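Annotated repeat 'Solcar 1' per Swiss-Prot: 14-132, in sequence order. Positions annotated as transmembrane segment by Swiss-Prot: 20-40, 104-124, 143-163, 200-221, 237-257, 299-319. If you look up Swiss-Prot, you'll see 140-224 marked as repeat 'Solcar 2'. Residues or ranges marked as repeat 'Solcar 3' in Swiss-Prot: 234-328.
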Amino acid sequence: MSCQESSPGPPGDITPFQQMMASCSGAIITSLLVTPLDVVKIRLQAQKNPFPKGKCFVYCNGLMDHICVCENGNTKVWYKAPGHFSGTLDAFLKIIRMEGIRSLWSGLPPTLIMAVPATVIYFTCYDQLFALLKLKMGDRSDLAPLFAGAIARVGSATVISPLELIRTKMQSEKQSYREMSAVIRSALKNEGLRSLWRGWGPTLLRDVPFSAMYWFNYEKGKWWLCKRYSCSEPTVAITFTAGALSGSIASIITLPFDVVKTKRQVEMGELQTMKLSTQVSSSTCSVMKRIVAENGVSGLFAGFMPRLIKVAPACAIMISTYEFGKAFFRKYNHQKEGQATASQHIISHTEKH
């Protein structure tokens, strides 16, 4: 088996359920390793510019970005905990010493409710589509990762988008599940099903190009590294390196879409909190024009290094743990098949005698 073909594996080599288990494990490990970096970043931001009530900020668990709405000053929330930090390392050490190591994962559990299922759907769909497209595309099979990545991202975003909308609305308006269901029914009655996918378009503008480029570069990079180091199967180091490089390239190219989407999400969340019309900033195009007018074209590339530092390790950890999980299940299946074959030989030999 060539290294480039090793990601999806041949039919029957690894089951979709095992792919789901591998991606679920990868998602949890990624969030546990990446979240502390974002928690420290948010604590440093809150120290420099305290978050007022209704202010929104972006929380990243390494899998998805989540818009969080600040609660009032009387509530003891993790991002308003007292502390004076001189830098990132100092913040890490003081948070662990003063608040306990668990504080580095503050706010993580609620975000995993959507992030883990979205990741499982995304990675499993990609592998299934990649295997199918490689067979169907023939001489153009090199482009299979491009199309498989784009389609898989559309699918996962479509499934998760209504849940993200509901989560943000519940947090910003402090509604119960019963009140929320009434709001949803009213929205469906007045605006139709489209109301549940508000913000879906801007999400796809960033995530679909990112996904297509990421998988295309990842498969190419993995194949090249395997060839370079004469590996028949990709090692953890190879998948980690290919994931980091492909994630970096995709994040740089799609940065303007990320800037626009994040600004739009934050503005929409704050307008919802203040009970103002969300139509003020509903257009992606208008947000982009406003950014250029206020900060020039360079404004669309704001946060270049923070995004790179966030995306590269997250992509590397996720893909390497996912590939490791698939390799584990592949080996398990082969051993099981070998044992079954050996048992059949023993039985047939016994019957002959």
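Using the three backbone atoms N, Cα and C, a Cβ is placed for every residue, glycine included.
Take the transmembrane segment (20-40) and the stretches 104-124, 143-163, 200-221, 237-257, 299-319: counting Cβ pairs under 8 Å, 104-124 has the most. Helix, strand and coil counts under DSSP for the repeat 'Solcar 1' (14-132) come to 78 helix, 10 strand, 31 coil.
The repeat 'Solcar 3' (234-328) scores a mean pLDDT of 86 in the predicted structure.
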